[in-house]
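> Structure in structure tokens, see below.
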Amino acid sequence: MIVIEQILSKQDVGAYRQQLAECPWGDGRKTAMGMAASVKNNNQADAQHANVRQLANQLLARIGETPKIVSAALPHKIFPPCFNRYNETEEYGYHVDAAIMRIPNTSEVIRSDVSMTVFLSEPEEYDGGELVIATEFGQQQIKLPAGYAVVYPSSSLHKVTAVTRGQRIAAITWMQSMVADVTLRQTLYQLDQSIQNLIKANNTDRAELDNLHNVYHNLIRQFTQL
């Protein structure tokens, strides 16, 4: 589980919220697969609406140009982002994301390796509505500032708790990673982040940094699937 700080600025969030307020919304259960439909109770912006498609494309572009997301997920394919809304009493019970997803209006499918939530509501705007992810270390609760995101393995059992006050708006998407194995992907992320931190510190011999870069990229060559 990795937090991405300010993938969207406050101004971006305001623009997204304004446009989403003018878009049609429907019952989120219509897009749920299998057992997830029975525990899903939220609303989802109409993915076919022109404004929703435009926002989704803008977010796709932002994902691709955010180095920390690229490092953490090593995305090969990205599902078009969806926008969901939880009003008071609405929730999404424990579920696991579908392993295979078909991209709407295409014949293309992706394997969901990495899930991402981008928060579009400030924490003080609503009570409840925490994203809860079951991990080997217990339940992890996430409630981040608007514009922040969290990425986590799609294999994780997770839920969104009931909103008891206000409204929770977020964007969600899924990625097929070039590295399917979650442990290997996390190790590559840690290595890359260590290299980036050494570069920022500016006190490491250039030859050593070149060697580390060489190791990282050769591991990428060895383990990625395209």
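Placement of Cβ uses the backbone N, Cα and C atoms for every residue, glycine included.
Bear in mind that the values here come from a model prediction, so they are computed numbers and not experimental data.
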> Name the residue, out of His158, His213, His217, that Swiss-Prot lists for the same Fe cation site as His95, Asp97, please.
His158
> Do you know offhand how many angstrom separate Asp97 (Fe cation binding site) and Arg168 (2-oxoglutarate binding site) by C-alpha?
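Cα of Asp97 (Fe cation binding site) to Cα of Arg168 (2-oxoglutarate binding site) measures 20 Å after rounding.
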> Out of His95, His158, which has the highest number of nearby Cβ atoms, where nearby means within 10 Å of its Cβ, if these are the binding-site residues?
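Result of the Cβ crowding comparison: His158.
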> Treating G and I as helix alongside H, and B as strand alongside E, what does DSSP give for the domain 'Fe2OG dioxygenase' (77-177) in helix, strand and coil?
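When I sort the residues of the domain 'Fe2OG dioxygenase' (77-177) into the three classes, I find 3 helix, 59 strand, 39 coil.
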> Would you count the other C-beta atoms found within 10 angstroms of the C-beta of Asp97 (Fe cation binding site) for me?
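Excluding its own Cβ, Asp97 (Fe cation binding site) sees 20 Cβ atoms within 10 Å.
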> Counting only residues 6+ away in sequence within the same chain, which have a CB under 8 Å from the CB of Arg168 (2-oxoglutarate binding site)?
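Non-local contacts for Arg168 (2-oxoglutarate binding site): Arg85, Tyr86, Ser121, Glu125, Tyr126, Gly128, Gly129, Val160.
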> Around the recorded Fe cation site, report the further residues of that chain (criterion: Cβ within 8 Å of the mean position of the Cβ atoms of His95, Asp97, His158; site residues excluded), sequence-ordered.
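My list of surrounding residues reads Ala36, Tyr92, Tyr94, Val96, Ser115, Ser154, Ser156, Leu157, Lys159.
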